[in-house]
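The structure appears below as structure tokens.
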């Protein structure tokens, strides 16, 4: 029985058959010529046929797709057999004897460059042209098209890593679980899996060799993948199906066994998410990502557009806390009107609150819109800035909030300097919220997206836990009992959630899917036990040991299959 | 050769959606239609049935473009195409 070990990033036990995500299409070598057996006319005919086939397939998929995915598919279908694209390629074939694959590659590259140079909206469409190009080359080579395979029967998707764009075509009714050979605990695959409630294992080296149709068992808590599962594993998967049902509901009251209250809040990205989170009994919103309002746009949304977008979220939580994070652009979330995509080191660049240094005004207008949206709603609106590094920045942000009429300013603690100086920072604002994904990447100097660094990139790292402890200590030293919450992926891990509570964190905010599991586990421990587990985790020599030692003290995790 | 000018009415310019509508209309004709920015040399005019050509033209709101076609029915055809460009398709939503 062959098995693979990776990092479990989303719990669940499941048995299913494998579909490999086709590899990205490689570039045909520069200067590749037509094979001597093929005439230029035949190559042109083959190219037109391939383009037509890609167009037909995209058109068919657009019929069943919904939302943003549908319009992207419709637009790319139009581009696939576009005369400008094809004529440019045919010219290369006829005049230079270039191979069909290389010809379409170059023709699409020059079209994409023209669009890119136009900037703004057109620049964003250049990636669609490159996607169409990959599909046409795959068709010419007779290999599967890139992207998530289209299928009517459920399967376990095995890939190198998923990109945010893959979410549009990922159907959670068909994809049973995600397994990747690359990526880390904070990768897009992990975030997508948690949001969709799909069991997932990342950084499982070797899984790319499993052939399509092979039956495998995936344990998203243990991080294991087994080929040809035995009877015990099939039974475990069946048992999980039952557990998943009982774990589906959170009663809306985050509390330890001895009655210590820990409000469990939701991370949301818009009104639709907020309505879902409210239905899942979230006790408020601990992180409203406002990027949704700004992404896919070439200019800043208007005051009115912003008000409508924020009010949709506030209205879902009358009488409850909603923490709004101001625009967090840059690094993996570039915005054409705000961030510079050519920075050599975007994660350390002008991102988050720092965009106010280079594009002043956007943040001020956003705060005004948040204040206007808060007026007349029953939500308790808090506002926080991402990527704060110093107490001065915190003070400046608090002053901007006051000017806008927002009375509850706070900061994200995701830069280690903010954790280390939490006392002075909290002297300037009313609360802190730990963004553990970025805090981990900066504390460990390890890029979130890199598979080989997955072991470094986990919030179980004792150094990260220490920074969280320091932030809580900073709040205590400040003396006004200013709340410290966690709104990173760490809060969604039921075992780590217990440790965070033991470290003195006041609230936990997570994807709505995780509320029930975290609530159920929290319910079984007392505050004193949580504190003891926090001490164990802090003293562990490494992240693996910290996790293993804490989990060993929480047998309820195994009972629930978490 | 028939020639007509049109002023782009779409607020964000001749981008994907208006370009798709226009390219579709040109494709349905039995004529070769070209499009260019007003003042550009006639040799720079592009195939109006190509959505990518239309997008790469980069014609913004209020800019004037020149449509050209030759053959039977060219005048009537260009007249109908001008009407499409001078409609704000973004206002429909």
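Note: Cβ is positioned from N, Cα and C throughout, glycine not excepted.
Automated prediction, rather than curation, is the source of TrEMBL annotations.
Keep in mind it's a predicted model, so treat the numbers as computed, not measured.
Among A:297, A:448, the residue that TrEMBL places alongside A:289, A:325, A:437, A:438 at the phosphoenolpyruvate binding site is A:448.
For the recorded positions A:188, A:325, the ranking by surrounding Cβ atoms (within 10 Å, all protein chains) places A:325 first. Cα spacing between residue A:414 (Mg(2+) binding site) and residue A:448 (phosphoenolpyruvate binding site): 13 Å, rounded to the nearest whole number. Of all the binding-site residues listed (A:289, A:448), A:289 has the fewest other CB atoms within 10 A of its CB. Its Cβ taken as reference, residue A:487 (active site, proton donor) is surrounded by 28 other Cβ atoms within 10 Å in the chains shown. Of the binding-site residues A:414, A:437, A:438, A:414 has the largest number of other Cβ atoms within 10 Å of its own Cβ.
Pairwise Cα distances among A:289, A:325, A:437, A:438, A:448, the recorded phosphoenolpyruvate-binding residues, top out at 20 Å. Using DSSP to sort the residues of the domain 'PEP-utilising enzyme mobile' (A:155-223) gives these counts of helix, strand and coil: 18 helix, 19 strand, 32 coil.
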